[in-house]
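Q: There's a structure below that I have some questions on.
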Amino acid sequence: MIARPLPPLVATMGDPAGVGPELLVRAWENRHAANLPPFFVVGSASVLRDAARQLDSDAPIVAVDNADEAVEHFATALPVLDLASGSYAPGCPTREGAIIARDTLAHACDLVLAGTASGLVTGPIAKAAMQEIGFAGPGQTEFVAQACGVAPADAVMMLAGPSLRVLPLTVHVALEQVPQMLDRQLIERRITIAAAALSRDFGIDRPRIAVAGLNPHAGEQGQLGQQEVTTIAPAIATLRAAGIDATGPFAADTMFHAAGRARYDLAACMYHDQALIPLKALHFDEGVNVTLGLPIVRTSPDHGTAFSIAGLRKASAGPTLAALKMAGEIARRRTA
Ligand SMILES: NC(=O)c1ccc[n+]([C@@H]2O[C@H](COP(=O)([O-])OP(=O)(O)OC[C@H]3O[C@@H](n4cnc5c(N)ncnc54)[C@H](O)[C@@H]3O)[C@@H](O)[C@H]2O)c1
Ligand SMILES: N[C@H](C(=O)O)[C@H](O)COP(=O)(O)O
């Protein structure tokens, strides 16, 4: 049976002064080589044209009115729903740019929720700049969750690369807050959501989830901290009783070498950098940030706005290509 065509993906530029716009131009240029599904941008045609010019690219940028038009034009031009105007110097973020990032993200969420687009790929934002305009939540994950009517705590961040998937159980909080935030409910809830998503969206029937300890040597039987004994191990036991293949807590420093990675499908980590350092060390140029637990598909490249190299033709489009491919694959799997 021939699969019916899905609606196109929708992408956002993120902060227009970051590398998001240029990487969307590069992604479109590589659409055949990367075998990308059709996508369109909710953003600014003028910003994308400026980005193409800075890249010395002849990629046409066409303003469209809807997703159907976007699909019609995708073969010959990068389609954009032109909702924003103004020019933005690469590397020079502005308040107006943060507002555009917020408003275009909100519009893109609405398009996916309405079924007009099959998935959302978000460009990088600058969190501090977004906070200054009253952005809801620490990042796009929480914003998209709220747009979907999902409690931010139930929108689970996973970073994925070819040989590693990681889940930070606590994310954009100060390290000093992590021990008090780590409770059994949080660990059990987020790993349960992740296990279901790995089955549904990645086709892993019985995902193996390795859980890291918080303390060095996973606490050394309680001699180097108590969280493993009082909280993490009991949470793992509860998950296992519920039929989830969770193991640990493991000493984090021996989870990420090749032999360690071969033992699991997802590494559940206690805090942001415990998860993202190994992922970005191994897969920075192809890493994808995937939000699990949402009714929609949402991915983003694994990096930020890279203001220091925006407009300099130095940014790799690898993570953006990987994010678009993964969003398309998940969307296809969900409709199979
Ligand atoms: N997904 C996101 O929206 C996201 C992710 C991380 C950071 N941020 C935000 O981005 C801003 C800058 O954060 P940062 O500097 O810590 O992280 P960053 O990812 O923007 O940059 C870190 C380093 O990686 C390099 N880099 C980033 N993307 C690259 C690419 N595509 N190709 C080549 N090199 C690349 C940068 O030049 C820099 O040296 C902050 O405001 C942060 O909040 C956003
Ligand atoms: N934690 C991710 C990273 O460091 O790559 C990124 O900041 C995610 O942020 P969003 O919730 O805005 O996608």
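Every residue gets a Cβ built from N, Cα and C, even glycine.
What TrEMBL says about a protein is an automatic prediction, not a curated fact.
Feature list, courtesy of TrEMBL:
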BINDING   Thr141, Lys280, Asn289, Arg298  substrate binding site
BINDING   His172, His217, His272  divalent metal cation binding site
Q: Would you mind reading off the Cα separation of His272 (divalent metal cation binding site) from Lys280 (substrate binding site), to the nearest angstrom?
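A: Given the Cα positions, His272 (divalent metal cation binding site) is 12 Å from Lys280 (substrate binding site).
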Q: Rounded to a whole angstrom, what is the largest C-alpha distance between any two of the residues Thr141, Lys280, Asn289, Arg298 that the record assigns to substrate?
A: 19
Q: Taking DSSP three-state, what's Asn289 (substrate binding site) in: helix, strand or coil?
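A: It is in a strand.
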Q: Check His172 (divalent metal cation binding site) against DSSP and tell me helix, strand or coil, would you?
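A: SS state of His172 (divalent metal cation binding site) = coil.
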Q: May I ask which of the binding-site residues Thr141, His217, Lys280, Asn289, Arg298 have a CB within less than 6 Å of any atom of ligand 2, listed in sequence order?
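A: Only Thr141, Asn289 meet the Cβ criterion.
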Q: List the Cα distance (Å, whole number) between Asn289 (substrate binding site) and His217 (divalent metal cation binding site).
A: 28
Q: Would you count the other C-beta atoms found within 10 angstroms of the C-beta of Asn289 (substrate binding site) for me?
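A: For Asn289 (substrate binding site), the count of other Cβ atoms within 10 Å is 25.
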Q: Given Lys280 (substrate binding site) and His172 (divalent metal cation binding site), what distance in Å do their CA atoms have, once rounded to a whole number?
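A: Just about 16 Å between their Cα atoms.
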Q: What is the interatomic distance between the Cα atoms of Arg298 (substrate binding site) and His217 (divalent metal cation binding site), given in whole Å?
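A: Distance between the two Cα atoms comes out at 35 Å.
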Q: Just to confirm: which same-chain residues, 6+ apart in sequence, have a Cβ under 8 Å from the Cβ of His172 (divalent metal cation binding site)?
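A: The list for His172 (divalent metal cation binding site) reads Lys127, Pro138, Gly139, His272, given in order along the sequence.
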Q: To the nearest whole angstrom, state the Cα distance for the pair Thr141 (substrate binding site) and His217 (divalent metal cation binding site).
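A: About 31 Å separate the Cα atoms of these two residues.
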Q: Applying a 10 Å Cβ distance cut-off over all chains shown, what neighbour count does His272 (divalent metal cation binding site) have?
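A: Excluding its own Cβ, His272 (divalent metal cation binding site) sees 19 Cβ atoms within 10 Å.
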